[in-house]
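As structure tokens, the structure follows; a few thoughts come after it.
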Amino acid sequence: MAGTDEQAAGSCNQELVNPIISMGLQYSGILLTSHILQILLKPLGQASPIVQILAGFLMGPSGFSRIHAVENFFIQSYNPGYYEFMALIFRTIIMFLIGLETDFPYLMRNIRPASIIACGSSLACTFFASAVTFLVFQETASQGSSFLMALMIIITLANAASPIVVRVAADLKFGTSETGRLAISSSLIADAYSVFLLFILSKWRSATVAKWIFFLFLYFIIVGIVIVINMYLANWLNRRNRNKKYLGNTEIFVLVAILYIAAMALEQLGFSSIIASFLIGSMFPRGGKAARTLLIKLTYPIHNFIFPIYFGNHGFRANVSKLKNLRNFMVFSILILSSIGGKIVGTLAACFHLKIPYREGVLLAFMMNLKGHVDMLALTIGLTNDLVLSQNFYDVMIATVIVNTLIWGPIVAFMVRRESDIIGYRQIYFESHSPESELRILACVHSPRPVATMLGLVAASRGPREVPLTPYLMHLVELPGKKKTNLMYNQREDDELSDEDDYGGNDVVEINDAVDIFTSETGLLVHQIKAVSPFSRMHADVCNTAEDIRASIIVLPFHKHQRIDGKLENDKQGIRTTNQKVLRHAPCSVAMLIDRGLTAGSLNPSGSDSLQHIAILFFGGPDDREALGFSKRLGMDHHINLTIIRFLPSSSRGQIAGVNIAQKTDDVLMAISNDEVEKEADSAVLADFHSRYVVTGQIGYVEKVVENGAETASALRDMAEMYSLFIVGKDGRGHSILTTGMSDWEECPELGKVGDFLASPEFDISGSVLVVQQYRPSKNDDDDDDKQ
């Protein structure tokens, strides 16, 4: 009976400690540890992937699992198959989400520099890996194929873990910078190189060249079929759910199931599904409910649960106690130095060829040295298939991957803080900004009413068709005071997991529909953001978002809307307060749109051949120069007839030639009053504008000679029905004679004298008004009572 009881107890214990339970408890421990460390280390500026790898490292045989009881419970001999299956599930959905979030047009535009950087770093690491393979083979007492060992070392050294690079760049807030986007693009291409070598590694023993070609052809056929299926299925689902906010869970399950079926099929054929999942995600149809719902449904669980477990599991596998052996430690040191040397030499050589500044090149090299993705898969394949018979080799390689990332992750964070002057947020002044440069617009709306006009303005400001435009539409939703929840714009918004979807009501459906129609007609992808917060701190959400996305300009809706009878009616006072605070604290230029409704469709040049007339009212001063610079892009649209109307006192008729301010000495400048400096700056900007755009016939130019504000007002009334949009700077050159007396009926000082007059009930026009304010650094240090 005693023996029977012992057997029963042993059977019960075996049932309790089975692979599923132990794996679940291990993942739970990693998840808990990673979140605790995140709370502790985030104030120090550490990126989440590094913290998550460290959490797994501490839970593994290098940390708590060195305790015998913990080791017996967490590290089971029959677990590896379960871990690898879960890793496949995780990396498939991770790469799909990365593809869905990737700026694929940017990748295609910059494929040459990204490829040169990726190839430079990968080829240098290939050379270093080939040079040390013989030594590693000897020192780890390995048996088997030295060529296959060389392949595994090359993959390990050459790989740049794109999921880690993406998350590090996002957490350190430079993922939208040129350096960050170039690092992400280069890491994806380096991943593709490593995956190709991984295919050779897995097929080396069982395939001929003819079979390799056949398998590669089959690979692209499967990926292409899935992309086409997703294209038609997503469009059908968008039409089927026309009156809904998002797709249902069943429909999302079908889309994800198609992804996993394709991934499993490729894995069965001996391929890694990493690049296939990324391609399927990046080619998924954008601008509809399907893509929007996938982003919402996947972002939160992947960032908060899958990433910590996936990265933590990598750290869990590292065992630095194996490095106590002198030979193993020597091999480890050689591999670390080879990885660093290969990445730095190759990346800096590529950056020198591309004329990228040295400091940015060093940061790119360190970003490309982050590991823990394809390399771990290569080592798993080698260990499972006994490609190289040496446990020492695998222990040293895994420790190399993890320790390398734990070393360089904090160094990257330190460099990002130190090099903020080259990769930090740079304010753009449109008066000196080339219309051939990328434009990032953050358009804000409180309701669906101004969305069409906002999107029309976005489309019209695109400039030359080959110039990139990145528009963001931010839905600002008031959070009622009685609510205790503060849900930020990047949180999930589905019925099952969050109550944020309750905020915004049916406005969300109307805004989404307007954006989808706009995207289908113009081909411009609009990134949507929702901010739910009280009016008292809504301006902080707008300004923080503008800084995160590196916006060139923020476009705000006026706090009044047009009624059916044409009169402007006040909205909530909180909207006006938010606008005033954004104008004071904005990290970039700000424009305020007074939408009179009739331009809702006229500014949208999608398929319409009608010619729209837009006027730039130029009185002088930095805000007017900013409005003039922003308007350059509007003048390049063939659906728009743009005219500069310069208001001058009678004594200044015809003065557009300007003065070359750069030729004046500092002594002369000191003697010139601020007003004279502004006049010369105005003349210089207008002279350049005139020679580039007016002389060539792209933009019209008219002068209005007036004596005072009354004549200015009269001139504006005369042209009231001639234009569908008026663009003007907020403030002119202080107390100008051209606007004297116009402030007598001032109602909205935040619009400036001219803008307030154009928005006043006394000025009856049918056109909309855009009031532009240039970025003002001093305004960011305003009253403390406005800071939340």
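Placed from the backbone N, Cα and C atoms, the Cβ positions cover glycine too.
Residues 82-102 are the range that TrEMBL records as transmembrane segment, among 82-102, 439-459.
Range annotated as transmembrane segment by TrEMBL, chosen from 114-137, 666-689: 114-137.
Per TrEMBL, the range carrying the annotation transmembrane segment out of 53-70, 269-286, 611-628 is 53-70.
A contact between the transmembrane segment (114-137) and the transmembrane segment (149-170) is present, since 3 or more of their C-beta pairs, 6 or more residues apart, lie under 8 Å. Residues of the same chain lying 6 or more positions beyond the ends of the transmembrane segment (20-41) and with a Cβ under 8 Å from any Cβ of it are 48, 51-52, 54-56, 58-59, 73-74, 76, 79, 82-83, 86, 305, 308-309, 312-313, 316. Averaged across the domain 'Cation/H(+) antiporter central' (470-600), pLDDT in this predicted model comes to 78.
When Cβ-Cβ distances below 8 Å are used as the criterion, the transmembrane segment (53-70) is approached by residues 26, 29-30, 33-34, 36-37, 308, 311-321, 372, 402, 405-406, 409 of the same chain, each at least six residues removed from its ends. Counting residues 6+ beyond its ends, the transmembrane segment (396-416) has Cβ neighbours under 8 Å at 45-47, 49-50, 53-54, 57, 136, 140, 152-153, 156, 161, 164, 168, 172, 174, 314-315, 317-320, 322-323, 328, 331-332, 335-336, 339-340, 362-363, 366-367, 369-372, 375-376, 379, 423 in the same chain. Of the recorded ranges 213-234, 294-311, 331-354, the transmembrane segment (82-102) has the largest number of C-beta contacts under 8 angstroms with 294-311.
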